[in-house]
């Protein structure tokens, strides 16, 4: 036992979404389809925006970033989950688990910060339209994008290093389909008070600060919209940020429910369902939400499809 306590765990067992073997085949097909849709649509958004000069604006630049983050975010966890659904042994090496945890935190942080930047972009566009392209110029947008990824990488590194120093001796079974931070802390036989302190200070700040920026931006946006006299003008102005508001509600709603609720209300089934929503469902729906509610994106997609159809006809 002493040797087990002091020796680093070489692998963990990911127990996955369900213990019912008869459901694994069905879940594999469902999540494979969702993952492929995610990659296809988010990849298409990046290609359409990059290839259309009319969409080379700050809003679409950040939307392109969001599609990249969503693809990466899902890729961190879903392939391993799919592998475990059809594999007899559901193990993950310690180093692989730590790497998965790092990139999961990186892209979770990136999504939080990016959504707040996109909210600020909508605030400037609606509340200060005459100064929009002066404030949100190319250099500012690139600097914001670089800052969000640097912040995300550093945040991921901080939490990952704090987990990597722990010893795991209670069990090596993770009651999840990926290496979740909370699940790993539960398995540790080392004092995790520093981890918990950092999570509830720095970790909370990385979620709540972007959330406060979003709330402040939308308070200003709503105040500006209410000053518009015509109903049609209000509706048209609000439509420019309705897609973003939907994405924010879906992502932050599940994230806050997952990590910022009393420990007495924790439920394994609730955690798994909530994780699927912001891990798989939300990244898959984001491009649909933006493309279905955005006439510019729909027109760009139509032009791409028309070009492909005309090329096929010529061949």
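Glycine is no exception: its Cβ is also placed from the backbone N, Cα and C atoms.
Between the stretches 205-226, 293-314, TrEMBL puts its transmembrane segment entry on 205-226. Of the listed segments 140-158, 159-177, 178-196, TrEMBL assigns transmembrane segment to 140-158.
As annotated in TrEMBL, transmembrane segment covers the listed stretch 25-48 rather than the other ranges in 25-48, 49-72. Looking at 75-97, 98-120, the range annotated in TrEMBL as transmembrane segment turns out to be 98-120. Sequence-distant residue pairs (6 or more apart) of the transmembrane segment (205-226) and the transmembrane segment (272-292) include fewer than 3 whose Cβ atoms are under 8 Å, leaving the two stretches without contact. Counting only same-chain residues 6+ beyond the ends of the transmembrane segment (140-158), those with a CB under 8 A from a CB of the stretch are 58, 61-62, 65, 102-107, 109-110, 113-114, 117, 198, 202-203, 206. Through the fold, the transmembrane segment (238-260) approaches residues 66, 108, 111-112, 115, 118-119, 122, 125-126, 182, 204, 207, 211, 214, 218, 221, 225, 271, 274-275, 277-278, 281-282, 285-286, 289-290, 293-294 of its own chain, all at least 6 residues removed from its boundaries and within a Cβ separation under 8 Å.
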